[in-house]
Amino acid sequence: MAKCYRSELVGAFGCPIDENPTGVMEEAAFAAKGLDYRYLTIKVEKGDLEDAMKAVRAFHMKGINITIPHKVAVLNYLDELSEAAGIIGAVNMVVNRDGKLYGENTDGKGYLKSLTDAGVSPAGKCITVLGAGGAARAISVECALAGVKKIYIANIEREQGEELTAMLKEKTGVEAEFLMWDHTLDVPDDTEILSNATSVGLYPHTDQKPNINYDTIRPDMVVTDVIFNDPNSLFLREAGARGAKTINGLGMLVNQGALNFTMWTGVEAPVDVMTDTLKREFDLK
Ligand code: NDP
């Protein structure tokens, strides 16, 4: 058989994109599995998404990650959507299935996997989500689809928080309540999982933490953070000091990358290799 000199292509479209480390993690995974795939980190500016999505088909790319500012706009250029991506209203990865583009959102699924990897099942539990942005939407929708009993959405801006709360009730049928977060927030008493889905604490602002009353965190709560750099965030350190079980954002990041890897290649992802690669990239032990 003739030798094939063509690599399969995947990658990411976004702007800004230069500091996105996903390619290093995915390339390490391809190498570990002996797959001839290349991950291209591509700058696509706001008005250029339509052309870029045409290129996915024209280049026979296997798929593409979608990041800021295209996660919502990309819906215009897809043939099919997963249930969760449709409810969330945003896509972070696309699979090219013989020229048909399928959109999925793996952020919330990566979050759920990081919970189950830590032995935590969200079904039947009450979760309080801090924030109402993209990560909060993905987390709360996947938790609702996974059968949580109740979701509190706390947000500093009323309109966005109320919109997410209403959407959760309407589209997933979960019990949901909005908490106006214009003061130091007491974590609701019935909370079993507390999830920081805000950007507070992200490097270089590692001395910052969400404005909550940390003494309302109980030892029987599970406390999670989307922040992956530094994974040992001040928020999680405060929660850990109150005896709570903590889960950092690295697991969510690796697990969504692992899901993307498998959806593109059909091969099980080498999660350990991906985790080690990211830790090295962030200079973590
Ligand atoms: P968005 O900008 O969409 O949302 C940010 C949220 O944080 C908004 O709800 C915003 O509230 C809230 N917020 C910002 N500052 C404050 C503050 N001082 N106090 C309270 N709330 C605040 O970003 P994303 O949702 O896309 O990302 C959020 C974080 O999650 C980022 O740090 C990102 O790196 C991380 N992330 C991690 C992933 C992982 O795999 N671990 C995956 C995806 C994201 P408002 O809108 O009202 O201002």
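Using the three backbone atoms N, Cα and C, a Cβ is placed for every residue, glycine included.
Feature annotation from TrEMBL assigns active site, proton acceptor to K71. Per TrEMBL, shikimate binding site is recorded for T67, N92, D107, Q256. Sequence annotations record features per position, and here TrEMBL assigns NADP(+) binding site to E83, G131, A132, G133, G134, A135, V226, G249. Per TrEMBL, domain 'Shikimate dehydrogenase substrate binding N-terminal' is recorded for 13-94. According to TrEMBL, the feature domain 'SDH C-terminal' maps to 249-279.
Between the binding-site residues T67, N92, Q256, the minimum number of other C-beta atoms within 10 Å of a residue's C-beta occurs at T67.
Scoring each of the binding-site residues (G131, G133, G134) by how many neighbouring Cβ atoms lie within 10 Å, the top position goes to G131.
Only N92, G134, of the binding-site residues N92, G131, A132, G133, G134, G249, have a C-alpha within 10 angstroms of the C-alpha of K71 (active site, proton acceptor). DSSP assignment over the domain 'SDH C-terminal' (249-279) gives 26 helix, 0 strand, 5 coil. One residue stands out among the binding-site residues A132, A135 for having the most other Cβ atoms within 10 Å of its Cβ: A132. Ranked by Cβ neighbours within 10 A across all protein chains shown, the binding-site residues E83, G249 are led by G249.
The Cβ centroid of T67, N92, D107, Q256 marks the shikimate site; residues of that chain outside this set whose Cβ lies within 8 Å of it are N65, I66, K71, M93, N105, T106, G110, A138, given in sequence order.
Cβ neighbours within 10 Å of K71 (active site, proton acceptor), excluding its own Cβ and spanning all shown chains: 24.
Look at T67 (shikimate binding site): DSSP puts it in coil.
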